[in-house]
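Visitor: First the structure, which I've put down as structure tokens, then a few questions once you've had a look.
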Amino acid sequence: MASLNKLSSNEIGNIDRQIAKLRQGQILTEQEVKSLCIKAKEILQDEPNIIQVRAPLTICGDIHGQFHDLIELFQIGGNLPDTNYLFLGDYVDRGSQSVETFSLMLSLKVRYKDRIVLLRGNHENREINKIYGFYDECFRKYGNEIVWKQFTEVFGYLPLSAIVEQQIFCAHGGLSPAMESVDQIKQLNRVQDIPHEGLMCDLLWSDPEETKNGWGISPRGAGWTWGCDITEKFLHSNKLKQIARAHQLVMEGIQKVHNQKTITIFSAPNYCYRCGNQACIVEVDEQLKMNQTQFEPAPRENEPHTTRRVPDYFL
């Protein structure tokens with residue numbers, strides 16, 4: 001099956017040129033996006049809902065269209081194919097360069113498909129990114145909605161979760177009262193818009209609760225909050241050791257709760273160009289030891305100075 005997706009030398013040359021073009025801050029042509037999305041779907045449709053991932057690798061949280069900070073992330077973490085990456089979703093919306101960001105992510109996936117895993121986040125969904133910036137950005141940069149439609153079609157093929165060395169469960173949001181076993185994720189039809197409720201929704205929308213046990217109503221209007229007791233039960237039942245997720249702005253770029261068994265990773269520094277937060281990536285070595293690296297925003301011209309402050313609750 002993998003051989004069907006092997007790139008020819010001509011295709012490798014083309015994708016390398018596209019990666020170089022994107023790194024220079026140029027957008028792809030409409031035809032280049034179309035070809036990229038076709039190839040990406042061929043690769044992604046062969047991936048299961050739960051990706052089994054080997055260490056060593058680097059886990060990254062939300063990017064949200066902050067393209068310069070994504071380039072900085074690769075500078076810090078290492079470029080592909082020298083470093084293996086697992087991204088936890090939310091590549092688009094809010095930031096001003098979602099087009100460049102997701103174009104680069106997909107190009108890297110096509111070029112180094114076994115070295116990078118791209119999970120789906122709650123913003124990889126038409127209903128959300130039509131409101132929070134991605135649709136408008138695509139229209140502004142291409143003059144129509146064709147590219148947006150092509151990208152959003154790819155979103156449905158992104159896997160929903162990953163497990164690192166059969167011990168670390170990874171998803172964008174978190175747990176679900178509808179899930180006792182991770183095997184239930186395998187049964188989901190992921191090639192669709194994110195439902196408003198149920199297991200698929202919760203994987204991408206839920207948040208851990210620091211101070212309360214049990215399940216709670218999420219202030220986001222989708223997903224749930226879950227307590228330390230839920231984490232302990234889930235990990236024990238599935239013979240896992242930790243949960244790694246993204247989805248929430250945390251001011252230090254990383255936060256560990258539930259006896260350090262639930263880890264939130266956020267990789268967009270100075271989120272929305274105004275929150276003043278640090279970002280973080282987490283390297284996991286062969287012994288599953290985690291090494292966190294925090295970083296500040298990449299330098300930009302004409303960007304206002306921001307002071308660190310506790311942010312509003314973001315969707």
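For all residues, glycine too, the Cβ spot is worked out from N, Cα and C.
A quick note: this is a predicted structure, and the numbers were derived from the prediction, not measured.
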Visitor: Which of these, ASP16, ASP82, ASP90, does Swiss-Prot list as part of the Mn(2+) 1 site with ASP62, HIS64?
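Guide: Given ASP62, HIS64 bind Mn(2+) 1 in Swiss-Prot, the matching entry from ASP16, ASP82, ASP90 is ASP90.
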Visitor: Based on Swiss-Prot, name the residue from HIS247, HIS258 that is recorded for the same Mn(2+) 2 site as ASP90, ASN122, HIS172.
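Guide: Between HIS247, HIS258, Swiss-Prot records just one in the Mn(2+) 2 site with ASP90, ASN122, HIS172, namely HIS247.
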Visitor: Which residue range, 206-227, 294-315, is the one Swiss-Prot calls region 'Disordered'?
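Guide: Result: 294-315 is the stretch Swiss-Prot calls region 'Disordered'.
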Visitor: Of the binding-site residues ASP62, HIS64, ASP90, which one sits closest to ASN122 (Mn(2+) 2 binding site) when you measure Cα to Cα?
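Guide: For ASN122 (Mn(2+) 2 binding site), the spatially nearest of the binding-site residues is ASP90.
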Visitor: Sort the recorded positions HIS123, HIS172, HIS247 by C-alpha distance from ASP62 (Mn(2+) 1 binding site) and give me just the closest.
Guide: HIS247
Visitor: Other than ASP62, HIS64, ASP90, which residues of the same chain sit close to Mn(2+) 1? List them in sequence order, counting a residue when its Cβ is within 8 Å of the Cβ centroid of the site.
Guide: GLY61, ILE63, GLY65, GLY89, TYR91, VAL92, ASP93, ARG94, GLY121, HIS123, ALA246, PHE266, SER267, ALA268
Visitor: Taking only the recorded positions HIS64, ASP90, HIS123, which one has a CA atom nearest to the CA atom of HIS172 (Mn(2+) 2 binding site)?
Guide: ASP90
Visitor: Quick one: Cα separation, HIS64 (Mn(2+) 1 binding site) versus HIS123 (active site, proton donor), in Å?
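Guide: Between the Cα atoms of HIS64 (Mn(2+) 1 binding site) and HIS123 (active site, proton donor), the distance comes to 9 Å.
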